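Now, the feature entries from TrEMBL:
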BINDING   K20, T179, D180, T221, G222, G223, M224, L225, T226, K227  ATP binding site
BINDING   S60, D147, N159  substrate binding site
DOMAIN    287-370  domain 'PUA'
Amino acid sequence: MAESKPSSSAVSYAKRLVVKVGSSLVTNEGKGIDTLAVEQWAEQIAQLHGQGKQMVLVSSGAIAEGMARLGWPRRPNAMHELQAAAAVGQMGLAQAYEAAFARHGIRTAQILLTHEDLADRRRYLNARSTLYTLLGLGVVPIVNENDTVVTDEIRLGDNDTLGALVTNLIEAEALVILTDQSGLYSADPRKNPDAQFIALGQAGDPALETMAGGSGSSIGTGGMLTKVLAAKRAANSGGHTIIASGREPNVLLRLAGGEAIGTELRAILPVRSARQRWLANHLRLRGRITLDDGAVRALTQGHKSLLPIGVVAVEGEFERGDVVACVDQHGVECGRGLINYSAADTRRIMRQPSSHIIDILGSMSDPELMHRDNMVFARSRDLMAKT
Ligand SMILES: Nc1ncnc2c1ncn2[C@@H]1O[C@H](COP(=O)(O)OP(=O)(O)O)[C@@H](O)[C@H]1O
Ligand SMILES: N[C@@H](CCC(=O)OP(=O)(O)O)C(=O)O
């Protein structure tokens, strides 16, 4: 009997995916951008994109490529030199990805983020809205940390964490971390040849952190620990993580075909994300909006985003990014979330279709008043603090 291949569904079912590639892979162990590898990933991402999946690529390598371009044999310690190398190298990354995706008729966009962009609610909303817009336009965003402006204290430092934050940001169902090893081992395989391969685990299992304790390669910064921690973070929003070798032929296509490659760290479902828990427990509500019956149904039964057409009244003074309660016509709260428009603007666009927002306000940041990803819905037996 033919041996059946182990299968995995995380990537095949995902409609939205974040793929992260590490510095040593992208720059061929620091020698300079591995154009062939970049072309192969771009080809696979293009095929998945063609199958209707929304794809975001988080790519490291700016500092390593900058060092190669500047002829620096060793990674500098001084922050200003790292920042300078990143500025030089990011040009190379952008060129390589743009050219590789252009061969498949796909546009790319460069997104450089800092920790602050994701911690501050307004900047978080802006980043999210830009990413969604790009995905809606069929563009593949290429993300990296904005190394040129960040200092040591506020750096994310490794792109595994950034990949997980982007996974949370856009609520991607899967995060694929491509690295120079086949996946996670029980110990660093560079140092321990007897290390056992871990094919499957549960994101957040503390035993994985012990296994991954060692540092990374001389080119990359995170090692396996940041990948395991990234899986835990991605699971907060329901994202499953795969850690696999970026040199495995057609790794992304095979994963999408259901083949089990690398280490799969599963998120336990159903989840209520950290953000949703934070929203549910939020004590300082800035206002409340009353919804018509159709909007209440859309929220409570469909868990849909809230559109301005379903709003009939606005109370309080709030700004974009504040937490606001949604109540039915009897004043019973049916959800709450981060609102995309100020109270003044909400009053102007309520009862109107989203297509009228631009005419009424002169610009439109988002078609939704509250995006479902930024909301928490009231559940029976899950009563929230009184508004
Ligand atoms: N338990 C482990 N399993 C696999 N690799 C490990 C483990 N612990 C440490 N490592 C090291 O982590 C390295 C990958 O991390 P890193 O160099 O930061 O890669 P990247 O640039 O892809 O993020 C591997 O080359 C390996 O030496
Ligand atoms: N933002 C940095 C990446 C940091 C880093 O080394 O990350 P990684 O190789 O993924 O551990 C760069 O582009 O050089």
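Note that Cβ sites are derived from N, Cα and C of the backbone, with glycine treated the same way.
All annotation found in TrEMBL is predicted automatically rather than curated by experts.
Bear in mind that the values here come from a model prediction, so they are computed numbers and not experimental data.
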If you run the three-state DSSP split on S60 (substrate binding site), which class comes out?
coil
Rounded to a whole number, what is the top Cα to Cα distance in Å among the residues the record ties to substrate, namely S60, D147, N159?
11
Which three-state DSSP class does D180 (ATP binding site) fall into?
coil
Would you please pick out, from the binding-site residues D147, D180, the one with the fewest other Cβ atoms within 10 Å of its Cβ?
D180
Whole-number mean of pLDDT values that fall within the domain 'PUA' (287-370):
94
Looking only at C-alpha atoms, tell me how far N159 (substrate binding site) is from M224 (ATP binding site), rounded to the nearest Å.
12
Among the binding-site residues S60, N159, T226, which residue has its Cβ surrounded by the fewest other Cβ atoms within 10 Å?
T226
Need the DSSP three-state call for D147 (substrate binding site) to compare against my parser.
coil
For the C-alpha pair, I'd like the distance in angstrom between M224 (ATP binding site) and D147 (substrate binding site), rounded off.
21
Is it possible to get the count of other C-beta atoms within 10 angstroms of the C-beta of M224 (ATP binding site)?
27
Looking at the binding-site residues K20, S60, D147, M224, which have a C-beta within less than 6 Å of some atom in ligand 2?
S60, D147
